[in-house]
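According to Swiss-Prot, the features are:
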| type | residues | note |
| --- | --- | --- |
| DOMAIN | 8-268 | domain 'tr-type G' |
| BINDING | 17-24, 85-89, 139-142 | GTP binding site |
Amino acid sequence: MNLQEEIKKRRTFAIISHPDAGKTTITEQLLYFGGEIREAGTVKGKKTGTFAKSDWMDIEKQRGISVTSSVMQFDYDGKRVNILDTPGHEDFSEDTYRTLMAVDAAVMVVDSAKGIEAQTKKLFEVVKHRGIPVFTFMNKLDRDGREPLDLLQELEEVLGIASYPMNWPIGMGKAFEGLYDLYNQRLELYKGDERFASLEDGDKLFGSNPFYEQVKEDIELLNEAGNEFSEEAILAGDLTPVFFGSALTNFGVQTFLETFLKFAPEPHGHKKTDGEIVDPYDKDFSGFVFKIQANMDPRHRDRIAFVRIVSGEFERGMSVNLPRTGKTAKLSNVTQFMAESRENVTNAVAGDIIGVYDTGTYQVGDTLTVGKNKFEFEPLPTFTPEIFMKVSAKNVMKQKSFHKGIEQLVQEGAIQLYTNYQTGEYMLGAVGQLQFEVFKHRMEGEYNAEVVMTPMGKKTVRWISPDDLDERMSSSRNILAKDRFDQPVFLFENDFALRWFADKYPDVKLEEKM
């Protein structure tokens with residue numbers, strides 16, 4: 001098979017949702033259909049001891065939430081599928097936002113009892129901004145939930161996207177009978193030995209079931225007043241196909257997967273800093289680092305840089321340019337993933353995600369190119385932290401482990417490090433409280449370094465030019481520090497302190513990052 005045909009087979013997407021909507025469960029079921037796991041591990045592992053395949057980090061297993069983005073790959077129906085399972089918890093939005101830069105489509109999982117929730121809305125905005133297609137899975141039909149027409153109406157009003165139901169539930173909860181498949185024009189049965197039946201058999205199967213009568217009325221209404229199906233509108237991100245089902249009971253998931261793969265886009269190009277788009281079918285390899293993960297194998301204290309291949313083909317042992325540093329690197333130890341298990345890869349193509357063993361060479365956002373190509377892709381989004389803590393080693397004898405742990409975890413980008421210019425104290429900044437909990441847990445569990453963390457509260461962060469640096473500007477209300485790139489930065493106590501400083505030093509330009 002030639003390079004172009006290989007690239008055309010790729011389907012790379014992220015799963016987004018509010019916490020507990022069933023995102024990890026549907027990921028499990030997709031892997032089950034892809035033949036990667038023998039049984040779909042349920043996320044209820046907190047009690048049973050069976051943990052979800054995609055939640056590989058110790059703290060994720062304990063808490064039943066995804067706090068890092070897992071990458072998983074399988075083949076199905078002639079396609080090579082790359083799933084990125086993103087953190088649903090809002091404190092990890094930075095990791096999630098970056099992950100969404102590395103995919104060509106998104107699957108939005110919604111709890112049918114709760115509808116569109118806060119984190120779903122936030123993540124949808126990012127996806128919408130990127131202009132990539134969104135496929136919606138209305139989950140948990142095995143429980144009582146809201147009326148399907150209400151769910152569609154809310155989806156359209158809250159998210160501002162048109163919807164098209166690919167199937168329609170017949171009852172829900174204990175009265176759930178199956179799905180009326182509008183796209184495939186058949187019935188999918190929840191009970192009994194037969195999985196499918198023709199629409200003509202509906203009246204015979206369900207007799208005078210009031211739920212089935214309601215379904216027929218709803219579908220008549222949708223045919224008259226609903227949106228038209230349009231593959232063009234789906235690919236443009238203007239129309240979301242909506243699938244109903246139950247990930248926990250594995251109902252409707254296979255139909256979703258098969259239909260999704262028909263309409264999900266091939267790998268797309270990516271924009272360079274000069275605005276030009278790199279075509280995935282360019283023969284020259286290029287890619288970008290969207291995530292760095294330390295200790296995927298705690299026994300080896302390793303670090304993996306996750307790379308989305310944008311164009312061409314990766315071959316083991318190839319040399320790549322790193323335009324940020326002007327140096328080259330050899331890609332010899334490269335893996336592909338099934339959550340915590342991994343295998344060496346000899347070649348991969350545009351659309352694939354590879355993991356490059358990293359000894360400190362790479363940073364999140366780095367571009368990799370070959371030959372004379374030394375361009376850079378557009379920068380990935382970064383977030384200014386809002387809450388801060390001082391951090392120090394509890395045991396002075398563990399300073400080496402403490403420094404190694406901080407260095408590696410900070411390079412992942414979920415937490416940011418600042419050093420007080422005058423005292424040398426370490427200060428950590430994060431978007432939310434959970435990031436500090438995860439940091440503390442991982443320092444102790446992965447680096448055997450207990451830490452003391454002292455809250456500093458919220459701070460307003462502004463960078464200044466090194467030319468304007470004067471240590472006398474620092475005070476308790478505006479702490480002068482340096483970030484991990486040694487750039488000078490002020491941590492202001494509040495907006496009042498910021499305005500006071502700006503009035504006192506009008507010639508000092510204060511810069512705010514995203």
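Backbone N, Cα and C define each Cβ position, glycine as well.
Fair warning: this is a prediction, and the values are worked out from it, not measured in the lab.
Swiss-Prot feature annotations superimposed on the structure.
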residue : record           : DSSP class
S17     : GTP binding site : strand
K23     : GTP binding site : helix
T86     : GTP binding site : coil
L141    : GTP binding site : coil
Measure from the Cβ of L141 (GTP binding site) and count the other Cβ atoms within 10 Å, all protein chains considered. 27
If you count the other CB atoms within 10 A of the CB of D20 (GTP binding site), including all protein chains displayed, you should get 16
Integer average pLDDT (0 to 100) for the domain 'tr-type G' (8-268): 86
